Amino acid sequence: MLAFLKKPVVVTAEINMNLVALTVIGLVSRLWGLSYPRAVVFDEVYYGQFVSLYMKRIFFVDDSGPPFGHMLLALGGYLGGFDGNFLWNRIGAEYSMNVPVWSLRLLPALAGAFCVPLAYQILVELRFSHCAALGAALLILLENSLITQSRFMLLESILIFFILLAVLSYLKFYNLQRHSSFSGSWWFWLLLTGVACSCAVGVKYMGLFTYMLLLTIAGLHFWHMIGDQNLSNVSLMCHFLARGLALVIIPVAMYLSFFYVHLTLLYRSGPHDQIMTSAFQASLEGGLARITQGQPLEVAYGSQITLRNVLGKPMQCWLHSHTNTYPIRYENGRGSSHQQQVTCYPFKDVNNWWIVKDPGMQQLVVSNPPRPVRHGHIVQLVHGITTRYLNTHDVAAPLSPHSQEVSCYIDYNISMPAQNLWRVEIVNRESDTDVWKTILSEVRFVHVNTSAVLKAIIFYFQLSGASLPEWGYRQLEVVGEKLSKGYHQSMVWNVEEHRYGKSQEQKEREVELHSPTQMDISKNLSFMAKFTELQWKILTLKNEDTEHKYSSSALDWITMDTNIAYWLHPTSGAQIHLLGNVVTWASANVAALVYTCLSLWYLIRRRRKIYDIPEDAWQLWVSAGGICVGGWAVNYLPFFLMEKTLFLYHYLPALTFQILLIPIVLQHLGNHLCRSLLLKSMFSALVVAWFSSVYLVYRTFSPVTYGEPSLSITELKDLRWKDSWNILIRKQ
C-alpha cells in the first residue's frame, strides 16, 4: 500500500524564459521611481477626487464611465492606508505625507507592465514566430506614451490590459477548440474572455468596442462550426449555450456587480446627490435621508408636501410660491393676470410647502383614517403659507408665451374665475388604481379645464440662462404646457418632504410647516432601481465640454501632431509629457497601410484563381488582420462620431493593436516576399537597424517620459521635433 513512497515525487514544469524576462523588464520599466514626481500629475487631479470619495464612502456620479476603474484606483489607496484627506484642486500640487503615492499608482503600473508579456503571448497564439512575438513585446515595452500613461493614477493602462487579456483568452480558447472542446482549460479561457471583456467595459466604455469585436469574431467562428457536418445538433447547441453563458450572461452579471459594489461602498450623501431623484437621495445616509426618514408613504387628502421636479438638472428645484404677484404688464408690453407668482425655486424654503385638498371638502387636515390619493383623482393644491390655490388659465406665461401662466389664484372680482382643479397622473404606476406615494411616485398634474400639464422650464434656463426677471427674484419659470402629448421629465414631479397635516387654523399650520417631519416608514430603493437610475445618469449626464489647451482631434493622433504636458517641476526644467515613440508610430501607420494594400492585392489575385501564398499563410494573415486591424479600427474610428473633448491618450488602445501589427507584417514580408537568401539577409539587417532606431528614440525621450533627469533649455528645444509639440521652456 505504501509502495508509492519508494519512488521520489517529481514535478516537471516548462518555463518560457522569454516570457519571464519580458515580465521582469516590463515591471522594471513601469515601477522604477514610481513615486516620482510626488505631485499631482495631469488627470490625477480628476481621478483623485473619486478615490477620496471612496475612502470616505461618499456617493458620486462620474459621467465618463462605469465605476470599476475608479474602484481599482481606490483599492490602491485602500491598500496604502489612504484616508481620503487631500484637496485635489490643482495639477502640480505637492502630495501631503498622508497620500500613499506609490500605492495609488501601483495598479495602473502593474497593468501597463503586464501588457508586455500579453503582447508576446497574443502573437504566439496567432501562430507567428517567437521572434515576431518578442518584437511585439519589445515595441510595447519601448513605447514612451504607454510608459507615461501607466505610471500615474490613470485608467488607460488598466483598460489596455483587460483588452489584451480578453483577446489572448479568446485566442487560447479558439486554439483549444480543435482538439479539446469542453475541457477544463477550454472552459477556463472561454470564461476568462467574458470576465476580461466585462472588466474592460467596466473600466471605460471604450472597452465596449473590443468586446463587440470579439463577439463578432466569435459569431463568425460559430457560423463556420454550423457548417461542420461532424458536429451533431446537440453538440452545436452546447457550444452555442457555452458561448452565450461566457460571453454574454457572465459579462452582464459582472457589470451589474461593479455597480452593486459601488453603491454598497458609497452609502453616504455627497455633492452629486442633487442630480439624482428624491428616492435615490433618501436611500443615502445623511443629506435628504435625514430630512425624509420615516415620512408617511401614502399621500392623502390633507397631506402637506413639497414637490420636486424630477429633471434635476442643471439644478434641482421645487414648486414654490410667494406673496408677490406677476406685474400687470411685462417689459414687452404683454399683459398678465396679476395673480400670485408660482415658480420653481432651487433651494429648500417654507414657501415650497403645498397642501393636497379634496375639491369636495373644505378641511385641510388628514382625516382618520387617511384617505389616500390615487392615480386619476382630482385634487386642489393649496399653498401652505398664503392658502391660495394653484391655478392656470388662458393667459400667456411671462417667458414662454406659447404656454399658459401658472399662478396662485387671487379673486379680483373680475371675469376671470378660478380654474384650480388638477388631475393626478402617476407616470410610473403599475396599475390605474395605484396610490400616490412619497418619493417613489412620479406624477404629472393635468389641468382639468385646459388639459395643460404643470411644467418647470429648466432646459431653457440651462441653454440660454433665462430665468424670471428681478420681479420674479431670478427664479425658474413654471408654466402650463398645452402640447402635453410628449413626455419629458420637466413635466414630472415627486413628493420629497411629506407630513400629515393636523392643524386646521392657519397660524397653527404655519408653525407646523416650519417643523421637521418625524414618522416611521422606510422607503429603500431596490438595487435594480438604483442601478437603472445611476446608469441612465452616467449615459445622459453631460458636463459642458470646454476647449482644453491640450485637447486634439482624432486626425492629429495618427501622425502624433499633438502632445500633452503632464507635469512641470516648479523650479527646474524637469517635465513629463505624453509623447509617443515617433519611429513606432510611423512604423505602425506604414504596417497598417502595407497590410491593407497587400490584402487587397491578394483578394484580387485570389478572385482570378491566382494564389500567391499558401492557404494556411492566407488564413493566418486574415485572422491576424481581424484582430489587429479590426482592433485598431473599432478603437479609433468611433471618435470621429463623438461630441466630446478628445485627448491623445484616447488613441492608446487603438495604437496598441496597430503596434501588434508591425511584427506580423515584417514576418510576412520576410517569409513570402524575400525569396532569395540575399534578400532575406538584407531584410534582416534593415529590421535590426530599424529596431535600433526605436530604442534610440525611446532613450532620447526618456527624460520627458520619466521626468528625470532635468534638461537644459537647449536640450528641451532639441526635443521639439514637430512645431506642433508644446515642450515647456521657462523664460529666463
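Yeah, the Cβs are placed from backbone N, Cα and C, and that goes for glycine too.
Predicted automatically and left uncurated, TrEMBL annotations should be read as such.
The transmembrane segment annotation in TrEMBL covers 9-32 (among others).
Per TrEMBL, transmembrane segment is recorded for 68-88 (among others). Beyond the ends of the transmembrane segment (68-88), by six or more residues, the same chain brings 40, 44-56, 62, 95-96, 98-100, 102-108, 153, 155, 158-159, 199, 202-204, 258, 261-262, 265 to within a C-beta distance below 8 angstroms of the stretch.
Summarising the annotation, TrEMBL assigns transmembrane segment to 100-120 (among others).
Feature annotation from TrEMBL assigns transmembrane segment to 154-174 (among others).
Summarising the annotation, TrEMBL assigns transmembrane segment to 186-203 (among others). Through the fold, the transmembrane segment (186-203) approaches residues 65-69, 72, 155, 158-159, 162-163, 165-166, 169-170, 172-173, 176-177, 180, 210-211, 214, 242-243, 246-248, 250-252, 254-255, 258 of its own chain, all at least 6 residues removed from its boundaries and within a Cβ separation under 8 Å.
Annotation source TrEMBL lists transmembrane segment at 208-226 (among others).
Marked as transmembrane segment by TrEMBL: 246-267 (among others).
Sequence annotations record features per position, and here TrEMBL assigns domain 'MIR' to 296-359 (among others).
Note on the domain 'MIR' (370-427): its mean pLDDT in the predicted model is 90. The domain 'MIR' feature in TrEMBL is assigned to 370-427 (among others).
Residues annotated as transmembrane segment in TrEMBL: 582-604 (among others).
Per TrEMBL, transmembrane segment is recorded for 616-634 (among others). A Cβ distance under 8 Å defines the sequence-distant neighbours of the transmembrane segment (616-634), meaning residues of its chain 6+ beyond its ends; these are 122, 126-128, 163, 167, 171, 209-210, 212-213, 217, 592, 595-596, 598-599, 602, 606, 653-658, 660-661, 664, 668, 671-672.
Counting only same-chain residues 6+ beyond the ends of the transmembrane segment (646-666), those with a CB under 8 A from a CB of the stretch are 115, 119, 122-123, 126, 128, 132-133, 135-136, 139-140, 143, 145-146, 149, 154, 156, 159-160, 163-164, 206, 209-210, 548, 550-554, 556-557, 560, 562-564, 578, 580, 584-585, 587-589, 591-592, 594-595, 624-625, 627-633, 635-636, 639, 687. TrEMBL lists 646-666 (among others) with the feature transmembrane segment.
Sequence-distant contacts of the transmembrane segment (678-698) (same chain, at least 6 residues past either end, Cβ-Cβ under 8 Å): 135, 138-139, 142-144, 581-584, 587, 666, 669-670. Residues or ranges marked as transmembrane segment by TrEMBL: 678-698 (among others).
The stretch from 9-32, 100-120, 246-267, 582-604 that makes the most Cβ contacts under 8 Å with the transmembrane segment (154-174) is 100-120.
Note on the transmembrane segment (9-32): residues 106, 109-110, 112-117, 120-121, 130, 133-134, 137-138, 141, 147, 150-151, 706 of its chain, located 6 or more positions outside it, place their CB under 8 angstroms from a CB of the stretch.
Residues 53-54, 57-60, 66-68, 70-71, 190-191, 193-195, 197-199, 201-202, 211, 214-215, 218, 284-285, 527, 530-531, 534-535 of the same chain, all 6+ positions outside the transmembrane segment (246-267), place their C-beta atoms under 8 angstroms from a C-beta of that stretch. Here the transmembrane segment (582-604) has long-range neighbours at 139, 142-143, 558-560, 612-613, 618, 621-622, 625, 628-629, 632, 655, 658-659, 661-662, 664-666, 668-669, 690, 693-694, 697, 721, meaning same-chain residues at least 6 beyond its ends whose C-beta is under 8 angstroms from one of its own.
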